[in-house]
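Below: one structure, written as structure tokens.
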Amino acid sequence: MRKTNTNNLIFLVKRGDEKAFETLYRLYANNLFLIAKSYLRDDFSAEEVVQGVFISLWDKRKDIRVKDNIGGYLFKMTKNRCLDILRKPRKIISIEDEILLEEDKINFKALQDEGASFLLEEELEKRIEEAVALLPKTCKMVFLKTKVDGLNYKETARELEISVKTVESHMTKALKHMRFHLKEFMCIFPFFGL
């Protein structure tokens, strides 16, 4: 995500701008849901985590201290809420539940490894920037308008003065390119929506 857009969104959210908050939600909710689901393996719990993250963000918007990495900030909030859920003991009813509990313990340990997740986030962000930089000019603009600025294909087409079909074509190429360049991260961060 381009830092100026992120900075503007954060600034507007801190001032109580609901549209900026909705944009932030559209940009990150799906990815945060997939992160939460990968740890909790439950759609309902993952949805609750994401809703809780955004409610908390809105309630404490004036106290946001993040300047340019709101994605990392939201990831950390999501991770912490997942940790809280994984800390709660569950009653073991069956072998399947026992296996799930063991998997939860592994996920809990992985979530607690602050250094590893920070390094992964930084490496992922670097790789995304590198992959985006390699895209052809128009393809890059289409990708950034839709994935970063949150515009739909029609809005992107209008802004770039190209057809919707051209936007679709460029997005297909861009997503294929991004999947190829980020393939080793897909199993760790399955949340790209790529």
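Every residue number used here counts from 1 along the chain in the order it is shown.
Backbone N, Cα and C atoms are what each Cβ position is placed from, and that goes for glycine too.
Feature annotations, courtesy of TrEMBL:
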- 24-90: domain 'RNA polymerase sigma-70 region 2' (DOMAIN)
- 127-178: domain 'RNA polymerase sigma factor 70 region 4 type 2' (DOMAIN)
Using DSSP, how many residues in the domain 'RNA polymerase sigma-70 region 2' (24-90) fall into helix, strand and coil?
55 helix, 0 strand, 12 coil
From the DSSP assignment alone, can you count helix, strand and coil residues within the domain 'RNA polymerase sigma factor 70 region 4 type 2' (127-178)?
42 helix, 0 strand, 10 coil
For the domain 'RNA polymerase sigma factor 70 region 4 type 2' (127-178), what is the mean per-residue pLDDT, to the nearest integer?
89
